[in-house]
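Notes follow once the structure below has been shown.
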């Protein structure tokens, strides 16, 4: 009777251009590792789950790979790197849909697709920045200037939103609910300043000064400025409503944790309490802020209908009057889409920061 074929535990991960396999065998001797007809063949003497024996396995890859695997032996395992022929993301490792029992994801090395794309972009940006720095001057000087600029920007924003937060808090304790109705006239100038300055964040992300993705910051910037400049700024009837207080208070609460975190990051400091707050307070505050903004839009619809502001009539032969409230209803949909985009981005940031378990990947 033929001896039973023993297979070792194999863990895999990927990037767009290569595959990583970790074979759990210690004290490996005489390894035979090759790729023929897109099938990886492995056979070696080593100590695995069944003791000191000969272990082997074969894996037919999902897509084409280069036939020259690179492997490295350590005392505890065998690390194999295989280059993909085309740089792309694979939905699984093997051609067969059912995963072999001995194969599992290597969560220590795994990144999901969006993370891998961010890593790829970061590497490309790093190379481009390196070339720019070599041609422009001392890397240390430019890095110091960049950190100084970002530190001052975040400091100014922190002071601005702190002033708004403290002012509104003190007035609430002194005046109670009466403070709700003149919030706009009290803090609007500072909010205008902070929100106009917030455009710099999207510019920084777009030109590569920071590594933040452009889309989430742009969604937040456009959404807030639409509420501030269009809903509140152009309609005096909206400026005396209580919803202004809740919108401004939630915005400022989020920012008095976010900007100090960025300030400390500029000087390579990590205050654990602040870090936890920065990656946690948004969980209740972002939905609350979205709800408050939605209420302000809904309350403004009859006001815009009554005044006819920003409404227009299509030219002949259509001659249909298009009310601005129609666009506000569309905006309500976009508002919750923006919440989803930002929520997803911030959740992934939090997951990476605190090392939560990644989803199971086949």
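The backbone N, Cα and C atoms fix where each Cβ goes, and this holds for glycine too.
Model, not experiment: these values are computed from the prediction.
Annotation source Swiss-Prot lists active site at 286 (among others), citing similarity to another entry. According to its DSSP assignment, residue 286 (active site) is helical. Long-range Cβ neighbours of residue 286 (active site) (same chain, at least 6 residues apart, Cβ-Cβ under 8 Å): 254, 339, 342, 343, 346.
Around residue 293 (active site), a 10 Å sphere centred on its CB holds 27 further CB atoms from the protein chains shown. Sequence annotations record features per position, and here Swiss-Prot assigns active site to 293 (among others).
Residues annotated as coiled coil in Swiss-Prot, with sequence analysis given as evidence: 111-136.
Residues or ranges marked as domain 'CS' by Swiss-Prot on the basis of sequence analysis: 5-94.
The N-acetylmethionine annotation in Swiss-Prot covers 1.
Within 10 Å of the C-beta of residue 7 (phosphothreonine) there are 19 other C-beta atoms, taking all protein chains into account. Under the DSSP three-state reduction, residue 7 (phosphothreonine) is assigned to coil, being neither helix nor strand. Residues or ranges marked as phosphothreonine by Swiss-Prot: 7.
The phosphoserine annotation in Swiss-Prot covers 114 (among others) and is backed by similarity to another entry.
The phosphoserine feature in Swiss-Prot is assigned to 135 (among others); the stated evidence is similarity to another entry.
The annotation topological domain 'Cytoplasmic' is assigned in Swiss-Prot to 1-149 (among others) on the grounds of sequence analysis.
The topological domain 'Lumenal' annotation in Swiss-Prot covers 171-189 (among others) and is backed by sequence analysis. Within the same chain, residues 163-164, 232-233, 239-242, 244-245, 248 sit at least 6 positions outside the topological domain 'Lumenal' (171-189) and bring their C-beta atoms closer than 8 Å to a C-beta of that stretch.
Feature annotation from Swiss-Prot assigns topological domain 'Lumenal' to 234-242 (among others); the stated evidence is sequence analysis. With helix defined as DSSP H, G or I and strand as E or B, the topological domain 'Lumenal' (234-242) counts 4 helix, 0 strand, 5 coil.
Among the features that Swiss-Prot reports, topological domain 'Cytoplasmic' is placed at 264-280 (among others), with the record citing sequence analysis. Per-residue pLDDT, averaged along the topological domain 'Cytoplasmic' (264-280), amounts to 88 for this model.
Residues annotated as topological domain 'Lumenal' in Swiss-Prot, with sequence analysis given as evidence: 302-325 (among others). The DSSP breakdown of the topological domain 'Lumenal' (302-325), given as helix, strand and coil counts, is 8 helix, 4 strand, 12 coil.
The annotation topological domain 'Cytoplasmic' is assigned in Swiss-Prot to 347-362 (among others) on the grounds of sequence analysis.
Annotated transmembrane segment per Swiss-Prot: 150-170 (among others), in sequence order. Through the fold, the transmembrane segment (150-170) approaches residues 179, 183, 186-187, 190-191, 193-194, 197-198, 200, 204, 209-210, 245, 248-249, 251-253, 255-256, 259-260, 262-263, 266-267 of its own chain, all at least 6 residues removed from its boundaries and within a Cβ separation under 8 Å.
Annotation comment: Swiss-Prot describes 190-210 (among others) as transmembrane segment.
Calculated from their C-alpha atoms, the gap between residue 293 (active site) and residue 7 (phosphothreonine) amounts to 58 Å. Annotation: stretch 281-301 has the most Cβ pairs under 8 Å to the transmembrane segment (243-263), among 213-233, 281-301, 326-346. DSSP assigns residue 293 (active site) to a helix in the three-state reduction. Within its own chain, the topological domain 'Lumenal' (302-325) has Cβ neighbours under 8 Å at 234-235, 237-238, counting only residues six or more beyond its boundaries.
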